[in-house]
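A.B. asks: Sending over a structure as structure tokens; questions will come in a sec.
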Amino acid sequence: MSKKKLVLVGNGMAGVRTIEEIIKLAPDKYDITIFGEEPHPNYNRIQLSNVLQGKTTLQGIIMNDWDWYKENNINLLTGEEVLKIEEDKVHSKNHTVDFDELIIATGSKPFILPIPGATKEGVIGFRTIQDCKDMFETSTAYKRAVVIGGGLLGLEAARGLLDLGMDVHVVHLPSYLMEKQLDPAASTMLQKELEQQGIKFLMNKQTVEIVGNTRVEGLKFIDGTSIEADLVVMAIGIVPNSNLAKETGLYVNRGIVVNDFMETNCENIFAVGECAEHREVTYGLVAPLYEQAKVLAARITGKPTKPYEGSVTGTQLKVAGIDLFSAGEILDDPSTKSIKMHNEFDGVYKKILIRENRIVGIVLYGDTSDSTKLFRMLAKKEDISNLTSVAILSNGDGGTTTSDDISTMPSDEIVCGCTVVTKGTIVQAVKEQGVTSVEEVGGCTNAGRSCGRCKPLISNILSHTLGDQFKATSTKKSLCGCTTNSREEIVAEIKEKGLTTIKEVMYVLGWKNEEGCSKCRPALNYFLGMIFPEEYIDDRNSRLVNEKLHANIQKDGTYSVVPRMYGGVTSAQDLKKIAEVAEKYNVPLVKLTGGQRIGLFGVKKEDLTSVWKDLDMPSGYAYGKTLRTVKTCVGSQHCRFGTQDSMSLGIELEKKFERLDTPHKFKMGVSACPRNCAEAGIKDIGFVGIDGGWEIYIAGNGGTDLRAGDLLCTVKTKAEVMEITGAFLQYYRENANYLERTSNWIERVGLDHVRQLLDNKEMIQELNQRLDTSLKRYIEPWKEAVENNTVKETYYTKVQLT
Ligand SMILES: Cc1cc2nc3c(=O)[nH]c(=O)nc-3n(C[C@H](O)[C@H](O)[C@H](O)COP(=O)(O)OP(=O)(O)OC[C@H]3O[C@@H](n4cnc5c(N)ncnc54)[C@H](O)[C@@H]3O)c2cc1C
Ligand SMILES: NC(=O)c1ccc[n+]([C@@H]2O[C@H](COP(=O)([O-])OP(=O)(O)OC[C@H]3O[C@@H](n4cnc5c(N)ncnc54)[C@H](O)[C@@H]3O)[C@@H](O)[C@H]2O)c1
Ligand code: SF4
Ligand code: FES
């Protein structure tokens, strides 16, 4: 039987994906011809932003190379725009091809403002490899770039142009960026970060004319202002490419109208991708287009398929140093309730919109580690009435997916949003096709081959499924968007090359953003201090804001002051001092904290140094990534059950290890008997007195990542407790990711590994020696602020919180 003739118009992402699916389902059914207007094989359009930002090359974004077409006997006609479709033929300038079935997948065009001057040289869209090449070329001869449109495309283009060395302005019509994806709070954080990276913004600006002779020289705005420009990139949305279909007599509204099986009103013509309009919606992201491709392939090959019923989409911005995710509804309304978390200092904002116990909108900025889980809840309309807000939102600690998360993840949960691949499909590929790396998973299932956001999660699934067989090499996690280097690589380079300052690390390791971002600067400052404790001078301005000020800012802009109370023990004298200070400075709230101390809440910034002076007590570091408190029970001195002296051990521990920088906050607890009144089992390290010694528990957590500590070992003496604590602290300092709590870290490195290591006397000694050297570098910060006028001036008089 002779094969049927299938023609595809549009050699882009949706069309070629449909052909791939058709070949999988019915390899011999068709003679296939593909017309492509562009002169390239199918490439990953999504990655054009990464090409512009120097993260990959044009060659690296080809998805189906020339050989693929040959191997599949596809007649590929590139550089050929289809100009006309007749009943059973398509015509381009040089070719006419017959068809039995025709797929139109012509994508979209950039929307170009219909204003005077819009056709001048130097005015372009951002859609194709050619646009990318134009931007590269322009940047070698010109300096001033203006991007019109502060949406996803405009901001990715702006960042790319900045990377090409241009001076970049973004002109945006509404009052805040990405208004379709973000609410004002998240948008403000985004704008601030992009401004720090060097992009300038002109908001509320409507362009009315592009001026210049043959080439663009500037823009004029409706308010009478103007700006000079050598290059203008229009990124103000897209228009479905449906003219050809319209001329053919197909039913076209905004896009080519299709039913749930991607059929047009003409029996043997189908449409898929951005050019298609399904249930009055046209899409501009790849995930729904791939869903459409699957349904169409099944329909054409006569295989059973569910109808395509539309898609819920989620987006993120591909800009170095920015972590955001958005899906569903964005703005609150009277029918929604929301859970919000806004931590301006760590640059994290999360908003979950809920209607009738179901998530209907997600906006995450600064920490998107929960995006997959939340997106699943949204897409599946899961009833969340049984969940607490804590369970819905994690704590913004940079959240890693643990082995437990993977094992409880449902098999049908979508892992790769771009390609709609589930956990079940990946596990199946591992088990049935023997894949062992993220790249191989991509080859087999396509997961991870578009934006790449899902690669860490794929890596975790592989690691969970394969254990030691997993080839983790291709999935290293970069420290932040400013660099492709992982934490391990950076630490190794600092040691090997003897890099001594943050600037030097960024320069030598080729940071994409020379100022760094709010993620990498504090991390680098920490690494350098940890590696070179004797030489490195702390860069206070690179610290997270609360640490920079040695005080925790409160909701209303005032501060809290929490003095140290070693082991939770105080005295009448200290209590008197605290009472006097509270009265003198009209402190509105005096409260016992969860860590057995007294906090003064609501202190004005200008009073901070005087309050510290009058208190004359050490800082309790209630704001720091360091040892917070050592909680103790009263123990054998007073309690009839006590077998050990918990208070004196707690005081000794706190006195020895206070002020030490750690990857994240670190808490200790000491109970004098297994009744465990000091909750030692949910501390980073906890001690429980038993007859003749102490049990040592590690990696407990009483916060959002609730976790019971693991028994590390049992020791006999206080000296051994101090030694093991020092070794554990130093090993955690040297090996955990920055902002990784011990509870997450131990899940990652494994309890057995740490147990084995701390069973080695020599190792314990070496770790303690390095720790002791580090401990020498710290001074009492409140005392310094009181005594050093420069510090006082810089941080407590003039400083602006930005
Ligand atoms: C810079 C950039 C970044 C993006 N980032 C993301 C992202 O992070 N995530 C995401 O999900 N989506 C992203 N997108 C959108 C995504 O790339 C598109 O949704 C997707 O490419 C659309 O696929 P398509 O096949 O419908 O259209 P296209 O990929 O545009 O393919 C259509 C093809 O048809 C050709 N064609 C048109 N008319 C004719 C004709 N008459 N004859 C012959 N050929 C013709 C065109 O030349 C084109 O090659 C991004 C887009 C851009 C431009
Ligand atoms: N990371 C991603 O997922 C990604 C990246 C790039 C592109 N894309 C897709 O590509 C398509 C095009 O993206 P886009 O950003 O151009 O479209 P968009 O419609 O998402 O955003 C356009 C932006 O331009 C603004 N705007 C409109 N008219 C303006 C004017 N006259 N002056 C100034 N600003 C104006 C709008 O307010 C809007 O914020 C979209 O479908 C998008 O989803 C996605
Ligand atoms: S832990 Fe034991 S010793 Fe300590 S207070 Fe409680 S019961 Fe008493
Ligand atoms: S989520 Fe984009 S490639 Fe997987």
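Including glycine, each Cβ sits where the backbone N, Cα and C put it.
Per TrEMBL, domain 'FAD/NAD(P)-binding' is recorded for 5-280. Look at TrEMBL and you will find 315-381 tagged as domain 'NADH-rubredoxin oxidoreductase C-terminal'. For 414-463, 480-528, the entry in TrEMBL reads domain 'BFD-like [2Fe-2S]-binding'. Positions annotated as domain 'Nitrite/Sulfite reductase ferredoxin-like' by TrEMBL: 554-616. Annotation source TrEMBL lists domain 'Nitrite/sulphite reductase 4Fe-4S' at 624-760.
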A.B. asks: Please list the DSSP helix, strand and coil residue counts for the domain 'NADH-rubredoxin oxidoreductase C-terminal' (315-381).
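C.D. replies: Tallying H, G and I as helix, E and B as strand, the rest coil: 9 helix, 29 strand, 29 coil.
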A.B. asks: Out of 5-280, 315-381, 414-463, 624-760, which stretch has the largest tally of CB pairs under 8 angstroms to the domain 'Nitrite/Sulfite reductase ferredoxin-like' (554-616)?
C.D. replies: 624-760
A.B. asks: Per-residue pLDDT averaged over the domain 'Nitrite/sulphite reductase 4Fe-4S' (624-760) comes to what?
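C.D. replies: The average pLDDT of the model in the domain 'Nitrite/sulphite reductase 4Fe-4S' (624-760) works out to 95.
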A.B. asks: Using DSSP, how many residues in the domain 'Nitrite/Sulfite reductase ferredoxin-like' (554-616) fall into helix, strand and coil?
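C.D. replies: Going by DSSP assignments, the domain 'Nitrite/Sulfite reductase ferredoxin-like' (554-616) contains 27 helix, 14 strand, 22 coil.
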